[in-house]
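Peer 1: After the structure tokens below, expect a handful of questions from me.
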Amino acid sequence: KFLFGGRLIFGPDAKSLIVTLLLIIVPVIIFSVFVGRHLLHQFPLHYAGYAVLVLAVVFNIYVLILLSLTSSRDPGIIPRNLHPPEEEIHYESSVTVDIGGRQTPSLQFPRSKEVMVNGHPVKVKYCDTCMLYRPPRCSHCSICNNCVERFDHHCPWVGQCIGLRNYRYFFMFVSSATILCIYVFSFSAFYIKVLLDREGTVWNAIKESPASVVLMVYCFISLWFVGGLTGFHLYLIATNQTTYENFRYRSDDRINVYSRGCLNNFLEVFCTQVKPSRNNFRAFVQEEVPRPPPPVIAREPEQDLGGDARSKVQDDLDIGEDLLKLSKRRNIEEIYEDIQSRGSNGPPHNTSDVDSVLNSGRAPTTRSEARHSNHGRSGSWEIGQETLASSNVSERSAVVSKENGQEILASSNVSERSAVVSKEIGQEILASSNISERSAVV
């Protein structure tokens, strides 16, 4: 979150800073009104009581300044890359082929690499979010969603990450808050002692100034937090560690390659110049220039000896369609020839039936074909040649037209006489039946 045109930078949980301000300002106001005001004339030295009150207010302002320096400045955010580092991209020798036949090279990023720090190899990791290799002692904050140099931790009380550029002010803020708690607790207890000498009993002294008791309890509880935090960070500074490193590598028995001795470690934190920010938060956003696509290695697709399954199916469909057309043509021609050869000997046929078959473009559906396909192989029946030809013509003339929704049935007199089907049929009819059956299977 930015204020005043990028001059102040806060974390995403900056609202928690309001609670921290109240926890610091409200106790000091209560101390100034109900305790410090009554201590103005309780010291033998002239104006010593005024010094107690003024010092509490000034020290409170100093703590608030340290809080603002900690929470409103760049903790050491590393700028993100718009693209992955090109010098670290490796393309696999094999090319992946998509379903559509497109070929794309698969990218590989080393997840970590080693750099030298004080003569010791240190492993640094690649950040997928920021698309960069993190410098040593850098980590990605999951709350701020940024890589921070010398990442210590994310403090919710200040609403900001604690890193390279604000760790000094964070420690000064915590230690100053500890001193302020001790100061308020001490003078609140002193005022209770003054009232105890005046009233004679502890209960009367408490009833005279209940605010002093409340301040003593509040400061005592706060000392456990800010005081313990101050002691812990004194240990971290003396050993040149961060909170993140201490909690993560405590049981790994790693050599601390960053420690330079206790004195030099303190000088590094408090006496070195704070590095300038890597980000210009007040600059205009640069328009991203599209990059050319990565080179694609063109390779010939390998020949599949077994063939493609989909191409096989397509070829079978084409063959089946050709066989079906041949079967239709042969059946229609046979019907037409039989009608002309019979003349007046056979039953009357309507020429419109043949025309409808020729125009419909569909295979005629007859009962004799069903009988030939189902029962023609198992029966041993004998009929005359004339009856067989008559039944073949009459049965093939039964056409079902799907477009008109009507069934054109052949003459029932001829179909009744063909009650049986002979197993031994002519070579030409057998060949026609086999072609029809094969086209139906395909």
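Positions of Cβ are set from backbone N, Cα and C atoms, glycine also.
Residues annotated as transmembrane segment in TrEMBL: 16-35, 47-70, 169-192, 212-238. For 125-248, the entry in TrEMBL reads domain 'Palmitoyltransferase DHHC'. The region 'Disordered' annotation in TrEMBL covers 290-312, 338-398. If you look up TrEMBL, you'll see 299-312 marked as compositional bias 'Basic and acidic residues'. The compositional bias 'Polar residues' feature in TrEMBL is assigned to 341-367.
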Peer 1: Please average pLDDT over the domain 'Palmitoyltransferase DHHC' (125-248) for the predicted structure.
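Peer 2: Here the mean pLDDT over the domain 'Palmitoyltransferase DHHC' (125-248) amounts to 93.
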Peer 1: Please check if the transmembrane segment (212-238) comes into contact with the transmembrane segment (47-70), where contact means 3 or more CB pairs closer than 8 Å and the residues in each pair are separated by 6 or more positions.
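Peer 2: Stretch pair does not touch.
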Peer 1: Using a Cβ cut-off under 8 Å, which residues of the same chain at least 6 positions beyond either end of the transmembrane segment (16-35) come close to it?
Peer 2: 10, 53, 56-57, 60, 63-64, 67, 71, 156-159, 177, 180, 184, 187-188, 191, 209, 211-212, 214-215, 218-219, 222
Peer 1: Other than its close neighbours in sequence, what residues sit by the transmembrane segment (47-70), given a CB gap under 8 Å and a spacing of at least six beyond its ends?
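Peer 2: Residues packing against the transmembrane segment (47-70) from afar: 17, 20-21, 24-25, 28, 31-32, 36-37, 39-41, 155, 158, 160, 162, 166, 169-170, 172-173, 176-177, 179-180, 183-184, 187.
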Peer 1: I'd like the per-state residue tally for the domain 'Palmitoyltransferase DHHC' (125-248) from DSSP, helix first, then strand, then coil.
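Peer 2: Helix (H, G, I), strand (E, B), coil: 76 helix, 17 strand, 31 coil.
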